[in-house]
Every structure is written in structure tokens, then in C-alpha cells.
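Features of the protein shown, as given by Swiss-Prot:
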{"type": "BINDING", "residues": "Y62, E63, C116, T151, N201, R206, S217, I218, K219", "note": "Mo-molybdopterin binding site"}
{"type": "SIGNAL", "residues": "1-35", "note": "signal peptide"}
Amino acid sequence: MLITPEKLYKQRRNFLKLGAGALISSSVLASKLSALNFTSDTNPNKLEISDEELATNYVNFYEFSTDKRKAVSLAQNFNTQNWKIDISGEIEKPLTLSMEDILKFPLEERIYRFRCVETWSMVVPWVGFELRRLIEMAKPTSEAKFVKFTTLLDKSQFPDQDALFPTIDYPYVEGLRMDEAMHPLTLLAVGMYKKALKPQNGAPIRLVVPWKYGFKSIKSIVKIEFTKEQPKSTWESYAPSEYGFYANVNPNVSHPRWSQANERALGDFFTKPTLMFNGYEKEVASLYKNMDLKVNF
């Protein structure tokens with residue numbers, strides 16, 4: 001079930017165009033976000049939005065650190081000036097987008113559930129635009145079956161990338177099937193809580209796929225590639241018996257080391273049952289018709 005109703009989540013809130021040659025910094029984006037005319041009732045189901053302080057400070061961003069609190073601290077000097085996103089692969093013509101280009105897409109707020117594979121969860125008001133808008137602009141060919149995403153590789157900014165023994169292989173890579181990428185729930189986010197994304201939350205731009213575990217929602221994207229073959233995602237490569245390509249939230253498929261049947265919302269003491277597809281079963285179940293979700297996890 002959608003948290004934000006169709007009528008509201010399809011409303012578009014446009015940014016004013018920035019002047020030619022302007023640098024797109026977090027502070028500039030924050031000022032644009034604060035000027036947006038958000039509607040007062042974007043959560044008619046009255047689900048409790050997670051505390052902003054908790055949601056922005058309890059994070060997984062291994063490029064900075066495997067320690068959630070330390071990652072927040074180390075992220076504070078992250079430089080996103082002059083950010084570029086290369087778009088390539090099975091498309092009519094490769095292109096590079098600046099954040100100025102990105103901010104030309106109509107932005108909107110969407111309130112989504114977010115479920116981590118570690119069994120914690122939250123409800124976040126994201127600001128962004130549907131990924132399919134960018135895909136339509138890129139004009140993929142009939143050969144494009146998947147979309148591959150890559151996080152920034154910069155050892156000068158990411159301590160774990162520069163470590164003698166990095167925690168995982170970098171750069172971080174994720175992927176979606178084309179129909180998943182084109183689904184209207186799939187979002188490219190530039191903000192949350194009506195503010196620009198903080199560095200630890202994936203600034204300046206990240207993916208949000210609300211029916212999948214959080215590790216699919218790749219942060220700080222610098223490359224989007226359209227491919228013929230299914231890309232090998234980072235966690236799938238690291239531990240294929242524990243992390244599958246699809247990573248759909250499924251209370252009936254346990255992680256090898258823990259159950260996924262329940263979750264604990266940030267700030268709560270008690271757990272609650274995990275919803276199939278994180279509560280978006282009606283919207284996305286048809287994408288996986290006739291698939292064995294215990295095999296394709």
C-alpha cells in the first residue's frame with residue numbers, strides 16, 4: 001500500500017532554474033528545497049515518520065566506515081561540488097549530467113517505508129523524481145535489459161576505499177531490471193525531510209527503491225549504465241548465499257544468519273511484523289509473477 005496517495009505523489013513541485021554556470025552545492029540545493037511549496041497532508045495514512053535525527057544519523061555507508069556513528073562523523077567534509085553523472089551503455093548517445101541538469105527534473109516529496117536487511121526500518125519523506133524520467137531522456141535501445149549504478153570512487157574522500165584491507169570491493173555497484181527501474185515507485189532522491197541529502201545519507205543523489213532492502217538504494221551515484229546482461233551487485237559478489245540480486249523485502253525468506261519476519265523501527269523498543277515487499281505488494285508483486293522468490297531472493 002502506498003503511504004503517499006497517487007493524487008498527491010504525482011503532484012510536481014518545480015525548482016526555479018539556477019543561473020547559467022552556477023555551482024550546485026548542498027547549501028544552494030537546501031535553499032531551493034526550503035522554497036518548495038509542500039502540501040500539508042502528504043501522509044493521510046498517518047504512519048509515523050521517523051525522527052529526522054535518527055534517520056540521518058543511523059546509517060550504513062561503508063565507504064566512510066562500517067561503524068554507523070563514525071560514518072556520520074567522517075562524512076561531514078564530503079565534497080559534492082561539480083558533481084557529474086555519466087550515463088552510458090545501451091542508449092542512443094552517452095551523456096554526462098551535472099547536478100544543474102538533474103535539478104531540471106520536476107521534484108516531488110514521497111513518504112516511503114525503508115527496510116534495512118539488518119532488520120531495522122524507518123519511514124522517510126524523500127524529495128526526488130522518478131528514475132524512469134531520466135531513463136526516458138537517455139533513450140535506451142532494445143538491447144538494454146538492466147540498469148547498473150556505481151558510487152563515487154575517491155580514496156581521498158572515502159577512508160575505507162583507501163584502507164589496506166577494504167571492507168568490500170569498490171566502487172559500490174548495484175543494479176535493477178529495466179522494469180524495476182521504470183516502475184513509478186523507483187526514485188532518484190536529492191533530499192529528505194525537505195532538505196538536501198546529507199553526505200552520510202548519499203548526497204548529492206541516491207537511488208530509493210522502497211520494496212527492496214536498503215542496500216539496493218545505492219548512494220552518491222556517479223555512473224548509470226544500461227546493460228544487456230544482469231550486473232553483479234557488490235553484496236551479491238561479496239556473499240552470494242546471503243545477498244541476492246533482487247533483495248526484495250520478504251518476511252518468508254530469512255537471511256542465513258537471522259530471520260526477516262520482524263523489524264524494529266528506529267526509536268522503537270518493540271518489533272513488528274515485516275510486510276511483504278515492505279508494504280508495496282499491490283504495486284510491485286506483478287513484476288515477479290511466476291518467480292520463485294526463495295530462489296530469486
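Residue positions begin at 1 at the first shown residue.
From the backbone N, Cα and C atoms, a Cβ is placed for every residue, glycine too.
A 10 Å cutoff on Cβ-Cβ distances gives C116 (Mo-molybdopterin binding site) a total of 18 other Cβ atoms nearby, all chains included. Mapped onto three states, the DSSP output places N201 (Mo-molybdopterin binding site) in helix. All protein chains shown were included, and the count of other CB atoms within 10 Å of the CB of S217 (Mo-molybdopterin binding site) stands at 23.
Within the same chain, the residues at least 6 positions away from Y62 (Mo-molybdopterin binding site) whose Cβ sits under 8 Å from its Cβ are A71, D160, T167, I168, Y172, listed in sequence order.
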